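Listed in Swiss-Prot:
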- GLU171, ARG217, HIS437, ARG479: L-aspartate binding site (BINDING)
- ARG217, ASP218, GLU219, GLN226, GLU472, GLY524, PHE525, ASP526, ARG527: ATP binding site (BINDING)
- 195-198: region 'Aspartate' (REGION)
Amino acid sequence: MKRTALIGQLSTTHLDQAVTLQGWVNRRRDLGGLIFLELRDRSGLVQVQVEPDSPAFAQADQLRAEYVAEVEGIYRARPENQRKGGAADYEVIASRVKVLNTAKTPPFELDKGESVAEDIRLKYRYLDLRRPEMQRHLLLRSRAMAAVTAFLDSSGFVQVETPMLTKSTPEGARDFLVPSRLNPGEFYALPQSPQLFKQLLMIAGYDRYYQFARCFRDEDLRADRQPDFTQLDMEMSFVEQDDVLELQEGLMAHVFKATLDVDLPRPFPRLSYFDAMDRYGSDKPDLRFESALVDVTDLFQGGEFKAFAAAQSVKVLAAAELTRKQIDELERVAKQNGAGGLAWLKRDGDSFTGGISKFVGSVAPQLIKRSGVQDGGTLLFAAGDWKKAVTALGAVRLAVRDLFDLTSSGPRFHVSWVTDFPQLEFDEDSGTWTYMHHPFTAPHPDDAELFGTLRQGEIRAQAYDLVLNGFEVGGGSVRIHDPAVQTKMFEAIGFTEAQAREKFGFFMDALEYGTPPHGGIAWGFDRLVMVMSGASSIREVIAFPKNNRGADLMAEAPSLVDDAQLAELGVGVLSPS
């Protein structure tokens with residue numbers, strides 16, 4: 001039962017030779033006494049022709065869709081008048097067909113998988129994964145992993161696995177908890193990231209580390225989130241921020257070239273967090289298209305339009321001509337993202353009509369010049385608190401992108417860095433400061449003295465995000481290696497010494513034993529492959545994902561467990577109220 005090759009490996013070297021192929025029956029047709037089969041494996045499709053007088057005919061007549069079959073025959077070029085170019089110009093004339101296994105009728109047609117409800121696809125994931133599109137996604141993922149491994153191995157990195165059962169520590173999301181049978185009433189947590197362990201490896205002297213780490217976060221799900229996911233996790237000793245960014249650019253460029261034959265221009269552009277928010281309304285801006293937010297606060301200060309005159313910030317976005325229905329839809333987007341509304345104007349020569357046009361007569365020339373709006377185009381405004389205004393108009397910017405397909409004429413991929421994030425952010429609900437990334441991020445050396453002062457909100461973090469086509473695909477930082485600075489960071493976020501030691505005592509002890517300067521990054525590997533493949537969701541690039549309710553419909557998880565198992569763990573279950 002030895003096959004000659006995978007179907008996709010057949011080439012002109014096999015022409016007019018006997019080949020043995022194995023795979024699934026993609027389609028079967030009877031035509032004028034002939035049987036035509038499409039045989040499929042992970043690498044491609046080939047047409048098989050079975051003639052009425054062939055000894056293979058009786059077996060071929062039994063085949064149905066998704067049967068597993070072995071075909072032996074002559075690989076030949078199809079007649080010239082049937083050729084269309086590519087692999088379809090060749091076929092196999094069968095001399096022997098063997099049914100290796102039968103199959104039930106699938107619950108959906110595999111070649112129409114995109115139109116099938118996602119829950120059906122996930123319930124029968126083993127069938128969904130037979131579809132060529134899904135196989136392309138997972139093969140791309142495999143090639144990307146291989147490219148990463150080759151690059152990092154050649155760059156002196158050591159691959160180390162870190163624990164899957166660890167201590168529950170505050171990292172932003174809820175932990176998945178695992179009860180300990182041997183220690184009743186105590187729990188492990190599944191890791192949200194290997195953050196502390198990779199820093200401990202730097203303290204241990206391993207210099208450069210990486211792993212494809214499985215991570216777990218019990219949070220609300222959306223199109224690009226899963227409760228269990230894969231990070232490409234990396235850490236380097238004796239580095240500054242530029243060293244990490246330079247190596248990451250080389251790695252990203254290598255992965256794209258090795259998997260997609262795409263050359264990424266380097267160096268990647270860098271934006272500060274403030275500039276990204278101020279110009280694009282996002283800390284992960286999609287830079288494949290030019291459109292940017294423009295500040296026009298000064299043009300309306302003291303003016304008669306009260307909503308703008310008193311606003312901390314007035315931002316404008318220029319767009320092409322929009323219908324009233326489209327403007328209403330964009331206003332809905334703005335309101336969903338915190339704006340009170342969306343003011344607008346239409347340019348008509350040297351003036352404006354519609355919307356708030358009666359309030360802008362005297363500043364029309366300056367608005368036209370500053371915004372760059374074309375004649376007939378539309379201006380969209382958001383006003384109020386700076387962050388709310390830019391965030392709302394940033395969401396509108398992306399909606400306009402989708403409305404006019406603004407990325408179609410730009411580069412297929414655009415990679416950039418966002419740097420200089422705030423170290424801390426103030427939580428209005430609790431009235432306390434919290435970390436923006438995690439509590440081990442090093443402050444900018446010029447700002448560290450601001451800890452504990454009224455200006456600690458101005459501290460810049462040595463943190464950086466890697467952004468691809470408007471998706472954050474990586475995030476990292478230079479880490480705190482000085483125990484005194486780490487203590488100040490814990491104090492800034494309201495941890496008492498006892499609280500800090502309860503959560504991170506083992507790590508605080510380790511910092512006292514000669515910690516080198518170090519920094520690192522983690523890529524959201526599922527999200528990266530999603531963008532590279534053009535998939536609409538990370539569920540399309542994970543073999544066995546959960547749905548958007550966190551359920552595995554195929555394995556029927558999560559599920560109830562019996563009382564005996566719970567008793568053995570010392571765990572009781574409260575009925576939901």
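Any Cβ shown, glycine's included, is placed from N, Cα and C.
Keep in mind that what you see is a predicted model, and the values were worked out from it rather than measured.
A gap of 22 Å separates the Cα atoms of ARG479 (L-aspartate binding site) and PHE525 (ATP binding site). Each residue contributes its Cα atom, and for ARG217 (L-aspartate binding site) and ARG527 (ATP binding site) these two points are 15 Å apart. Comparing Cβ neighbour counts within 10 Å across the binding-site residues GLU219, GLU472, the minimum falls on GLU219. Across the structure, GLU219 (ATP binding site) and HIS437 (L-aspartate binding site) place their CA atoms 16 angstrom apart.
This prediction places the mean pLDDT of the region 'Aspartate' (195-198) at 97. Here the CA atom of HIS437 (L-aspartate binding site) lies 18 Å from the CA atom of PHE525 (ATP binding site). In the three-state DSSP classification, PHE525 (ATP binding site) falls within a helix. Broken down by DSSP into helix, strand and coil, the region 'Aspartate' (195-198) contains 4 helix, 0 strand, 0 coil.
When the Cα atoms are compared, HIS437 (L-aspartate binding site) and ARG527 (ATP binding site) turn out to be 19 Å apart.
Here the binding-site residues are ARG217, ARG479, ARG527, and the one whose Cβ sees the fewest other Cβ atoms within 10 Å is ARG217.
Note on HIS437 (L-aspartate binding site): other Cβ atoms within 10 Å of its Cβ, all shown chains, come to 18. When the record's ATP-binding residues ARG217, ASP218, GLU219, GLN226, GLU472, GLY524, PHE525, ASP526, ARG527 are compared pairwise by CA position, the greatest distance found is 19 Å.
Secondary structure at GLU219 (ATP binding site), as computed by DSSP, is coil.
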